[in-house]
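Novice: To start, I am sharing the structure in question, which I have written as structure tokens.
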Amino acid sequence: MLKRNFENVEDNKILYSIKQGMILAIPAIMTGSTALVILNLPIKAYQEYLSGLFNGEVTNILNFINDSTLGIISLIILLTISYSYGKIYGSKYTVLVPIVAMCSFLVFSHGNELNSYIEIFKTKWLFTSIIVSMTSSVLFVKLTESFVTSVKFHTEGADADFNMVVSAIVPFIIVVFLFSIFRVIMISLIGSSNFQDIFYNLFSNVFNKMGTNLMSALLFIFLMHFMWFFGIHGSNVLDTVAKNLFENSMAININLVNNNQLPTEIFTKTFFDTMVLLGGCGSLLCLVIAIFLSEKRINVRKLAKIASIPALFNINEMLVFGIPIVFNYIMFVPFVITPIILTITSYVAMSTGIVPCTVSAVEWTSPIFLSGYMSTGSIRGSLLQVFNLCVGVMIYIPFIKMSQNRYTYMFKNNIENLTNLLKRYELTGEQPNLLNHNGKIGSISKMLASDLKFAMKRGEIELFYQPQVNYNGNVVGAEGLLRWKHSIGGFIYPPLVIILAKEEGFLDELGEYIINKACIDLKKSEKLLRNPVKFSVNISPDQLDDPKLPEQIKNIISSNDINPNMLGIEITEQIALSGSQIIIERINAIHNLGIKLIMDDFGMGHSSLIYLQNNNFDIVKLDGSLVKEILTNKRSSEIIMTIVNLSKNLDFDIVVEYVENIDQRDKLYGLGCEIYQGYYYSKAIPFEEFVEYANQEREI
């Protein structure tokens, strides 16, 4: 049950909203963290230079950037989570949800901090902001569904937004008033409306009783990472505990060193920042290296490359939410176990005197190795970091392999669901808009679109060729059909490839790639085939919208040095009939290059015949529905015979698709059709197999 819940987190709107909200906050977190990195690099000469630069103005600016991002992290998370919930839920009130959440948070927390409202936006209020954001968002969206008003204003200024806002007034009032009541109840019960105070009081009592020893350190690390796993910034939630408990230990060490005595306290905040949390929570720098060593997924390796630089400075949100770690039950074990093991190894190293205790407080953004040396005053501190890094990498590697296996299974299952969804859209004629779907459909669509573009640039998209054979058994043509074999998902449904390229905005590039690929193979075939064969490819309506298409095709033909008469462009009957005059002119421009113009899926409607009469198609491919019923439906035979007679009068050839058995072939031959394409002869096959097939002798 737990496993299934984690795997379906994207279908749980509340959990998914928290995750997405954290992702939206990454730019702000990265900005503030970058300012801290620049501000706190623990090199004395650098600090002296920075403090004197422009009379200290640079330092002031960096501090201001930090205060305006990490300093108001609770406000940022409040807004991003509430916005994510409204968007994921599909509420028309999405723009109001963050406003409701902010007002609810202000009324719930006001009065606890006397100095400034800014105080309630800092780290210590983060957990409360998550709870209030999520609760107020759910309440508001549910109430707006219940309080739909039938009153509509139609005055000059009363547009749709005005009526939407009016209908939200009552739910808005109810939610804000409820949180003012919740505040009174909270204060009467615990003396504060900050949920984090509950944890702090609980944890403080526990940690104060335990003291600063190995068990309290392990508990601290476990709780931090347990919260992180559920998308809650555990480092920030426990920040007060860390400062009050472990910073005192650092003060003791510094005082002892100043009095020429050996430091005695092992567990300090700097101890965790420098020796345990290598790359931030979860010791994720170990994960980055493990990915480079054992990960096969291209998208994960790309993410690790991007995240590796921030991870050197212990900034890891991109990994936590990008891999993801959050709600990933497989990665939960190494994410928690690795820092626990590193806490133990570091404790052993320092308690035995192999490595000195930390005696200098360094900022958590200090880079690895430098931080180890600066915090202990010894190169042995850096060597301990190297050892811990290796241990962490070894822990992560087997779980990466497990994650790959799970990912493969889930990926294939999601692709199957995505393909089935697209097929339903094809039946209903709806526009898919896959990339904007919420949940798994949207996620897998974006991932596939990214992989598709990468595969195209690497030349990994293939054309398979289905032979077109005459009655004598000779191969006279071949239709090039798009095939993309994903490294994990296998062969992807071709219409899905086209839709993803269209929605991601590179369909023109893909179309050009396909035409060029066909021309390359056509050129190869001149040397490999005993008899010349004409190649053809399909183009979509969206490609015909590109005014540069005829010129692109001309350049491709020229660069590959092929005879344009050996290349055919297939256009569906629907495109031909629905095209504007500009599209028709574009089709004619392609035809004027000497390329064969092929009408695909030709039916027998009045519009089809008129279009055929007025345009110079060289080849017509019969609609599959006519061929499939050729043996059982007399009218299909009569229609095909009529088209054959038309072909003689209008001088075009006929290719019959979906020929699946010899009886169909013989019947079609009797009606005057002499070129066939279908499974009776061959499915679409790779170019090398096609060459072998075309060179074979066949009996009639």
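Just so you know, glycine gets a Cβ as well, placed from its N, Cα and C.
All annotation found in TrEMBL is predicted automatically rather than curated by experts.
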Novice: Per TrEMBL, which of 344-362, 667-685 is transmembrane segment?
Specialist: 344-362
Novice: Any idea which of 61-81, 82-102 is down as transmembrane segment in TrEMBL?
Specialist: 61-81
Novice: When you scan the chain for residues with a C-beta under 8 Å from the transmembrane segment (344-362), skipping those not six or more beyond its ends, what do you find?
Specialist: 40, 42, 214, 217-218, 247, 250, 253-254, 257, 263-271, 273-276, 371, 374-378, 380-381, 383-384, 387-388, 391
Novice: Quick test of the contact rule: Cβ under 8 Å, at least six residues beyond the ends. What residues does that give for the transmembrane segment (123-141)?
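Specialist: Sequence-remote neighbours of the transmembrane segment (123-141) are 14, 17-18, 21, 70, 73-75, 77-79, 81-82, 85-86, 89, 91, 93, 96-97, 100-101, 104-105, 108-109, 168, 171-172, 174-175, 178-179, 193-196, 199, 232-233, 236-237, 239-240.
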Novice: Would the transmembrane segment (271-293) count as touching the transmembrane segment (382-400), if touching means at least three Cβ pairs under 8 Å and pairs must be 6 or more apart in sequence?
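Specialist: In this chain the transmembrane segment (271-293) contacts the transmembrane segment (382-400) - 3 or more Cβ pairs sit under 8 Å.
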Novice: Counting Cβ pairs closer than 8 Å, which of 162-190, 210-230, 318-337, 382-400 has the most of them with the transmembrane segment (21-41)?
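Specialist: Between the candidates 162-190, 210-230, 318-337, 382-400, the best contact partner of the transmembrane segment (21-41) is 318-337.
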Novice: I'm checking region-level scores; what's the whole-number mean pLDDT for the domain 'EAL' (445-698)?
Specialist: 89
Novice: Same-chain Cβ contacts of the transmembrane segment (382-400) under 8 Å, 6 or more residues past its ends?
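Specialist: Contacts of the transmembrane segment (382-400) (Cβ under 8 Å, skipping residues fewer than 6 from its ends): 274-276, 278, 283, 285-287, 289-291, 293-295, 330-331, 333-334, 337-338, 341-342, 345-346, 349, 354-355, 368-373.
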